[in-house]
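Here's what TrEMBL has on this protein:
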TRANSMEM  6-39  transmembrane segment
DOMAIN    12-426  domain 'TRAP C4-dicarboxylate transport system permease DctM subunit'
TRANSMEM  60-79  transmembrane segment
TRANSMEM  99-129  transmembrane segment
TRANSMEM  141-167  transmembrane segment
TRANSMEM  173-199  transmembrane segment
TRANSMEM  219-241  transmembrane segment
TRANSMEM  247-266  transmembrane segment
TRANSMEM  286-306  transmembrane segment
TRANSMEM  312-334  transmembrane segment
TRANSMEM  341-360  transmembrane segment
TRANSMEM  366-390  transmembrane segment
TRANSMEM  402-423  transmembrane segment
Amino acid sequence: MGSLALGGLAIGVALVLTLIGVPVASALGLVGLAGLFMVGGQTLLASSAETLVYNALNQYSFIVIPTFMLMGILAHRAGVTSDLYEAFYRILARVRGSLFIVTILSSAGFATISGSTVVSAAVFTRLALPQMKRFNYDSGVGAGCIAAAGTFASLIPPSMMMVIYALLTGESIGRLFVAGVIPGIFTAIAYVVFVFILVRVRPAVAPEMGRAFSTQEKLTALTRTGPFLVLAAIVVGGIYSGLVAPTAAGAIGALGALGIAVWRGVGKPKMIREALEETAVSSGTIFLVLIGGLLFARFLVYSGFISELVDAISASGIAPWQVLLAVVIANLILGMFMDTVSITVVTVPFLHPIMVGLGYDPIWFGIVLIKLIEISAITPPVGLNLFAVMASARTEITTRELFRGVIPFICVELVLLTIIIALPKLSLWLPEQIYGP
């Protein structure tokens, strides 16, 4: 069997196993190990199984995942998210559709200290959805807004998906973080503009407004966001200024979030233990998926699949934009049936070298891929953020309402994806200013 056929078969088997419910770590790991045995025998299989796992987890950059995750969990438990939400609400209460806008802005702010889209969606479902129902907002649009705004954590640093992409490809985590800033802000602004238009075209979506708050009440709420602003400034400012590496920033941020929790009197031993347990389970799951992905990627390299595929595409005369279009369509389809981490780990090992071989910038392609992952997180029927909203809302919304409400935001995301693809400088200008060409 040729390299292309063998690699294609392996990718197909891994996808089928994932789609039928086999854990993605097991699917990728088993297919990768079987493939390594086929192309290199017991020697390659044994050396890969013995050294790859240890060497992968021994990378210092892996510490970014649990530290940023812990920072977000501790910050939320310390009340940072509710403070941020309340401050935006008091300022914008008399604006039509204010609860939608507050959710968007709060999610963007929370994304700077939490790299998890699912956590963001769950947190703001509990905060915002009851308020929306109280003021007779359209439940479907409200839930769709919460789910979509939660995806900001994929694009606005520190993003777990950026870390995973960097670890799978060897690209700079710092460059990816910086590259996501302008597209992330651009996305949040586009959402706000869309909501402004929506509530004027369809006033019934947001029929009521909150009461007017006094200047003193607004200032009081803003004052309570001080800990968040300090934490975000230290972590994000440290990374962008180059004073702190992303790995160190995560640890500093986690320590700062713990300090806020203790200062506010909620940092009890039980809370800290629960936060550590949640971090260990979540990051451990990601590590297992990454190990499976790395085994799978090594097989694709040793089998010759990647090099032959790049050569075949180059020799076929297919234009690079046609390949990119195929990648976009394939990822959008996969997003209907697979979760975001699975899509990333299955596709990145072979898509990255192909796109780089076609002349695309790997950092820009990372942002495009993460934008696609954002869309997959809110694409019915298996978008992870949709599940997070449904689980947190319990009986407050139906699946039909949620699917209906998220469709307009998917359309906005597709427009934004097109702009990011058409204007690479949106992603590359800031990294070039900070790190050079």
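The backbone N, Cα and C atoms fix where each Cβ goes, glycine too.
Nonlocal intrachain contacts for the transmembrane segment (286-306), taken as residues 6+ away from its ends with a CB within less than 8 angstroms of a stretch CB, comprise 3-4, 6-8, 10, 14, 23-29, 31-33, 35-36, 38-40, 44, 48-49, 52-53, 56-57, 62, 65, 160, 164, 167-168, 341-342, 345-346, 348-350, 353-354. Segment contact holds for the transmembrane segment (312-334) and the transmembrane segment (341-360), given three or more CB pairs below 8 angstroms at sequence separation of 6 or more. Same-chain neighbours of the transmembrane segment (247-266): 60-61, 63-64, 66-68, 70-72, 74-75, 77-80, 113, 158, 173, 227, 230-231, 234-235, 238-239, 272, counting only residues six or more beyond its ends whose CB sits under 8 Å from a CB of the stretch. The transmembrane segment (219-241) makes contact with the transmembrane segment (99-129), as judged by at least three Cβ pairs under 8 Å among residues 6 or more apart in sequence. Only sequence-distant pairs (6 or more apart) were considered; of these, at least three Cβ pairs between the transmembrane segment (366-390) and the transmembrane segment (99-129) are under 8 A, so the stretches are in contact. Proximity of distant same-chain residues to the transmembrane segment (341-360), defined by a Cβ-Cβ separation under 8 Å and at least 6 residues beyond the stretch ends, is recorded for 7, 11, 14-15, 18, 24, 28, 161, 164-165, 168-169, 286, 289-290, 292-293, 296-297, 300, 305-306, 309-310, 313-314, 320, 323-324, 327, 330-331, 334-335, 369, 373, 376. Proximity of the transmembrane segment (60-79) to the transmembrane segment (141-167) is established through 3 or more Cβ-Cβ distances under 8 Å for residue pairs spaced 6 or more apart.
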